[in-house]
Amino acid sequence: MKIFDAHTHLNDDPFAGKIDYYLQRAAALDVKEMAIIGSNAQFNQSALTLAQQYRQLHAVVGWHPEFAAAYNQLAEQELIQQLQLPEVIAIGEIGLDYHWPQNPAAPVQQRVFAQQLDLAQQYRLPVNIHTRDAFADTYAVLQAHYPHFGVIMHSFNGPLEWLEKFLDLGCYISYSGVVSFKNAPEVRLAAQHTPAERLLVETDAPYLTPEPYRGQQNEPAFTHFVAAAVAKCRHESLEQIAALTWKNTHEVYRLNEKD
Ligand SMILES: [Zn+2]
């Protein structure tokens with residue numbers, strides 16, 4: 001069995017200096033390939049460094065809405081250079097986050113989100129999207145700047161109404177450990193209603209640890225338990241979900257073309 005962690009932050013501080021250890025633990029639970037997600041200059045660089053060192057790791061680079069205020073012309077130029085490297089498979093994580101009051105103002109976030117969607121279209125790359133307390137505006141910006149090389153809604157946790165709307169745009173839907181939380185029946189309902197060919201799994205490690213390890217630090221290995229939770233709510237086997245999401249993730253990140 002092979003499982004793909006479609007969104008993880010192995011480039012983040014908790015994993016520094018222990019990459020081989022976490023990759024071994026992941027392999028022992030069948031997690032064999034990962035998309036390492038950047039969010040600002042520092043984490044984009046650390047995602048790239050990992051992808052250059054390990055062939056089963058791929059870099060996704062971009063500017064998270066939290067850091068949108070720092071996305072200036074120089075940052076964009078650096079990003080454009082990185083997009084042309086063979087290790088870079090997508091732009092992300094980009095989007096809108098209205099949850100934290102200290103985040104940049106909504107118009108700033110929207111401009112930076114739109115600019116990076118346009119880059120995705122120009123450089124023919126998929127995008128990995130973060131949205132928090134911002135479904136309506138995320139949908140509006142995405143619709144107006146829709147890039148046609150693959151769109152992933154990361155750690156989807158919305159109601160069926162929004163699921164349908166993002167599916168209609170053509171998005172892939174990625175589920176994290178939230179799908180295993182007792183208090184998240186809505187997310188399980190969405191996972192049940194996501195068409196097989198649009199379904200992905202991820203950890204978003206070090207965040208969003210799935211059951212039965214909720215409360216501990218998350219790590220890529222635990223994609224295994226995310227896939228198991230998705231399998232359970234869809235009444236399918238873990239092997240089926242692993243195979244399905246492995247295929248979908250390779251498709252949306254266009255990894256088959258690179259092999
Ligand atoms: Zn993330």
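Yeah, the Cβs are placed from backbone N, Cα and C, and that goes for glycine too.
TrEMBL has this to say about the protein:
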- His7, His9, Glu93, Asp204: divalent metal cation 1 binding site (BINDING)
- His130, His154: divalent metal cation 2 binding site (BINDING)
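Taking the Cα atom of each, His154 (divalent metal cation 2 binding site) and Asp204 (divalent metal cation 1 binding site) are about 9 angstrom apart. Report note: the divalent metal cation 1 site is defined by His7, His9, Glu93, Asp204, and the residues of the same chain whose CB lies within 8 Å of the CB centroid of those residues, excluding them, are Thr8, Ile37, Gly92, Asn128, His130, His154, Ser155, Glu202, Thr203, Ala205, Tyr207. Looking only at the binding-site residues His7, His9, Glu93, Asp204, the one with its C-alpha closest to His130 (divalent metal cation 2 binding site) is Glu93.
Across the binding-site residues listed here (Glu93, Asp204), the residue whose Cβ sits among the most other Cβ atoms within 10 Å is Glu93. The secondary structure of His154 (divalent metal cation 2 binding site), as reduced to three states from DSSP, is coil rather than helix or strand.
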